C-alpha cells in the first residue's frame, strides 16, 4: 500500500536498529483517514473469503481491526491482555511474548464470542517475530474456528514472523512489507 509506505517514510522512526516507531498515526495517535483506507484495503484483499469476524489484539490492533471489520460488515473481537473482572471464567487463553516491551502476556477472549461456526480474519498492527499472531491463532484453534487469513499493517519480513505464518499454511497479507532497516532508514520489499 503505497500511501502507507509513504507515511512510514515520512513519520516513522527506527529505534535500536530493529524497532519501528509509528506512534504519530497508529500506535499512540491514530490517523482515522489512513486507518479507513487500511480497512478498505483489507476488504479488497479478503472480501471473497466469507469472513464472519475479525480477531485482533489490544491495543494497537484495534484501529486497523475495527476498520477492516466495518468494511467487511462483520463484528470485531479483540483479545484482552488482562482478564477484567466483568469477564467470566469461560475464556480462551494464549501466552504471548512482547519483544517490544520484553514481557510475557496472557491474552484472552470470552468463549461466547468465537465458535466453530466462525471464519476469522486475524488483523494486527505489526508482524515481527509473530508472537501476537501465534497467540490469536492458538485462540482460534481452541474455538475450532476457521482462519481465512492474517492481515497486518506492517510486516518486518527480516524477523521471521512472516515466514512462520506462511510455513504453517496461513494466507498472509501485509500492507507494508519491510525488508530491513539500514542507517535508520526503512527499506521495503521490492525496492531497488
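Here the Cβ of each residue, glycine as well, is placed from N, Cα and C on the backbone.
Taken from Swiss-Prot, the feature xanthine binding site applies to 20, 27, 156, supported by sequence analysis. Feature annotation from Swiss-Prot assigns 5-phospho-alpha-D-ribose 1-diphosphate binding site to 128, 129, 130, 131, 132; the stated evidence is sequence analysis.
Positions of Swiss-Prot features highlighted on the structure.
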residue	record	Cβ neighbours (10 Å)
20	xanthine binding site	19
27	xanthine binding site	17
128	5-phospho-alpha-D-ribose 1-diphosphate binding site	23
129	5-phospho-alpha-D-ribose 1-diphosphate binding site	17
130	5-phospho-alpha-D-ribose 1-diphosphate binding site	24
131	5-phospho-alpha-D-ribose 1-diphosphate binding site	20
132	5-phospho-alpha-D-ribose 1-diphosphate binding site	29
156	xanthine binding site	24
Practice problem: Do me a favour and check the Cα-Cα span between residue 156 (xanthine binding site) and residue 128 (5-phospho-alpha-D-ribose 1-diphosphate binding site); whole Å is fine. | Solution: 5
Quiz item: Across the listed xanthine-binding residues, 20, 27, 156, what is the farthest Cα to Cα distance, given in whole Å?
Solution: 16
Quiz item: Can you check what DSSP calls residue 130 (5-phospho-alpha-D-ribose 1-diphosphate binding site), collapsed to helix, strand or coil?
Solution: coil
Self-check item: Near-site residues: xanthine, ref 20, 27, 156, CB cutoff 8 A to centroid
Solution: 12, 19, 21, 22, 125, 126, 128, 154, 178
Quiz item: For residue 27 (xanthine binding site) and residue 129 (5-phospho-alpha-D-ribose 1-diphosphate binding site), what Cα-Cα distance in Å is obtained after rounding to a whole number?
Solution: 18
Quiz item: For 5-phospho-alpha-D-ribose 1-diphosphate, what surrounds 128, 129, 130, 131, 132 with a Cβ no more than 8 Å from their Cβ centroid?
Solution: 96, 97, 99, 126, 127, 133, 134, 159, 161
Exercise. Report, in whole Å, the straight Cα-to-Cα distance of residue 20 (xanthine binding site) from residue 131 (5-phospho-alpha-D-ribose 1-diphosphate binding site).
Key: 17
Self-check item: Integer Å distance between the CA atoms belonging to residue 20 (xanthine binding site) and residue 130 (5-phospho-alpha-D-ribose 1-diphosphate binding site)
Solution: 15
Practice problem: Going by DSSP, give the three-state secondary structure for residue 27 (xanthine binding site). | Solution: helix
